[in-house]
Amino acid sequence: MKKGFVFDLDGVITDTAKLHYIAWKDLAAALDIEIDLAFNEQLKGVSRMESLDKILAHGGKKDDFSIAQKETLAEEKNKHYVELLQALGPQDLLPGFKEFLNAAKEKQVPCVIASASKNAPFILKKLEVFDAFDAIVDPDELTKGKPDPEIFIRAADTIHIAPEEAVGFEDAQAGIEGIKACGMFAVGVETTEPLYQADLRVKQLSELTVDELLEK
Ligand code: BG6
Ligand code: MG
């Protein structure tokens, strides 16, 4: 019997991956680096600085920038990304998510956000679902990124349950690995690429009911 739900944000609640992609692609182009959608898959679930490192390595420019320069580049990308987020609204919730969340709330199942994004509170407010969550893990308080399970362990902890008592929802392979590494039940929300190790794989949350997950 499960007692709580742990949600990734980008790709599970809303499709911001394409906005991250636009902002990274522009920044990369300014550095003479080309990235495509297939490469973008590697950035899912990965922190801002780590994403920049992957892009620089992809362009053969891994050692060309100081830490301070990289921080400026990451800030630039974020500024563009936040501009793109301004148009976000409840219409951008992924199909089935709001209904699933409402059903969880009705049953008083605690829900928590485990996202690598520092923009998570802002995005949740734009989507008008911020108040529905019991907690949001602050990625600044973590020492390791996904696929390390730290963020998922912390998420379960904030709602006072063991990881084994929670169901985690992820669209990134790194996220599924983190969920499984702490014994949580993993729901993979698949878009393009198949997710390995997930206990259940769906295209959207409307394929699931709260009751069936609580019984896992
Ligand atoms: C994750 C996204 O949720 O958040 C990554 O999947 C992103 O693509 C990461 O890099 C960090 O996001 P932000 O908003 O802090 O730059
Ligand atoms: Mg994601």
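For all residues, glycine too, the Cβ spot is worked out from N, Cα and C.
Here the structure is a predicted model, which means the values were calculated and not measured.
Quick look at what TrEMBL annotates:
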- ASP8: active site, nucleophile (ACT_SITE)
- ASP8, ASP10, GLU170, ASP171: Mg(2+) binding site (BINDING)
- 8-10, TRP24, 43-48, SER51, LYS77, 115-119, LYS146: substrate binding site (BINDING)
- ASP10: active site, proton donor/acceptor (ACT_SITE)
Quick one: among the binding-site residues ARG48, LYS118, which has the most Cβ atoms sitting within 10 Å of its own Cβ? ARG48
Quick test of your reading of the structure: among the binding-site residues ARG48, SER115, ASP171, whose CB sits under 6 A from ligand 2? ASP171
Over all shown protein chains, what is the count of other CB atoms within 10 A of the CB belonging to ASP8 (active site, nucleophile)? 30
Given the recorded positions ASP8, TRP24, ARG48, SER115, LYS118, find the one whose Cα is closest in space to the Cα of GLU170 (Mg(2+) binding site). ASP8
Of the recorded positions ASP8, ASP10, ASP171, which one has its Cα closest to the Cα of SER115 (substrate binding site)? ASP8
Secondary-structure category, per DSSP, in which GLU170 (Mg(2+) binding site) falls: strand
